[in-house]
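Student: Okay, handing you the structure first.
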Amino acid sequence: MLTTPGRFITFEGGEGVGKSTNIQAVARHLESQGISVVVTREPGGTPIAERIRNDLLKAHHEEPMSDMTELLLMFAARAQHVDAVIRPALERGDWVLCDRFTDSTIAYQGYGRGLSLDNIEQLKALAQGGIEPHLTLLLDAPVAIGMGRARARAQDLAEETDRIEAEAISFFEKVRQGFLALAERYPRFRVIDATAPLEQVTEQVLKVVADELEHKKQQAES
Ligand SMILES: Nc1ncnc2c1ncn2[C@@H]1O[C@H](COP(=O)(O)OP(=O)(O)O)[C@@H](O)[C@H]1O
Ligand SMILES: Cc1cn([C@H]2C[C@H](O)[C@@H](COP(=O)(O)OP(=O)(O)O)O2)c(=O)[nH]c1=O
């Protein structure tokens, strides 16, 4: 893993579990402590990667997208995002808060679509060039709860359902199990119960981030 002065925190979980809402709360908290923060998302985060996101999620294509194309486009967007945004920010010493990263690829394309986890690891090494999250917050909730919230949000904002959101519940069950398997495996994960009321979830999230801030201070002092 490449060592940089900044901190890289990723937010993961299924649809509608509260990632975007809680990222904003964390950004406000860190900025109030005088920390430079970059809030970004995947797929996306740069003009090229946002164009790939549109192709992946929104554009109406005249043919079905193959699972391998979907996987490679996720990593094409990520390579651009890492090179143009994430690595430079970490080298400046900023904290990067990212709404989804490679754990989403393992959960959705690996566990959900059934693509080879070994292939995903190879692409990950190519696209990330040694950049790894220091901390990953997994917001976990039963699929029906997250989907219910995502649908209500889409109605409020008059948004169309995107290509991946339109998958069957059984797909999202596999995705959730994928995230939980990753959380068991990697110590950088903290699992947050996202079924609780928003204020409680945000309180938990801020506590985890405060611990990370303390850890970073101790490292700087030693
Ligand atoms: N703990 C919660 N309880 C109730 N509603 C929530 C909670 N967390 C988020 N929401 C709402 O659910 C919707 C989806 O949240 P959002 O942050 O957009 O999720 P994500 O980014 O994970 O898709 C939003 O309308 C948000 O206000
Ligand atoms: C980053 C990433 C996202 N995705 C999917 C998950 C989401 O369905 C979609 C990104 O949309 P997003 O806006 O993050 O969804 P939501 O706010 O509803 O959680 O792309 C993958 O399948 N693989 C990936 O590597």
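Using N, Cα and C of the backbone, Cβ positions are placed for all residues, glycine too.
Relevant sequence annotations retrieved from TrEMBL are reproduced here:
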BINDING   G13, G14, E15, G16, V17, G18, K19, S20  ATP binding site
DOMAIN    11-205  domain 'Thymidylate kinase-like'
Student: Counting across all protein chains shown, how many other Cβ atoms sit within 10 Å of the Cβ of S20 (ATP binding site)?
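Tutor: For S20 (ATP binding site), the count of other Cβ atoms within 10 Å is 14.
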Student: Other than G13, G14, E15, G16, V17, G18, K19, S20, which residues of the chain come within 8 Å of the ATP site, judged by Cβ distance to the Cβ centroid of those residues?
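Tutor: For the ATP site, the extra neighbours are L139, A141, G146, R149, A150, A194.
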Student: Out of G13, G14, E15, V17, G18, which binding-site residues lie by ligand 2, with a C-beta less than 6 Å from some atom of it?
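Tutor: The ones that qualify, in sequence order, are E15.
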Student: If you count other C-beta atoms within 10 angstroms, which of the binding-site residues G14, G16 is the most crowded?
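Tutor: Going through G14, G16 one by one, the largest Cβ count within 10 Å is at G14.
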Student: When you measure from the Cβ of G18 (ATP binding site), how many other Cβ atoms are you left with inside 10 Å?
Tutor: 22
Student: On the 0 to 100 pLDDT scale, where does the domain 'Thymidylate kinase-like' (11-205) sit on average?
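Tutor: Mean pLDDT across the domain 'Thymidylate kinase-like' (11-205) comes out at 97.
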Student: Under a criterion of Cβ-Cβ distance under 8 Å and sequence separation of at least 6, what residues of the same chain contact G13 (ATP binding site)?
Tutor: K19, L138, L139, D140, A141, G146, F179, A194
Student: Three states by DSSP: which one describes S20 (ATP binding site)?
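Tutor: It is helical.
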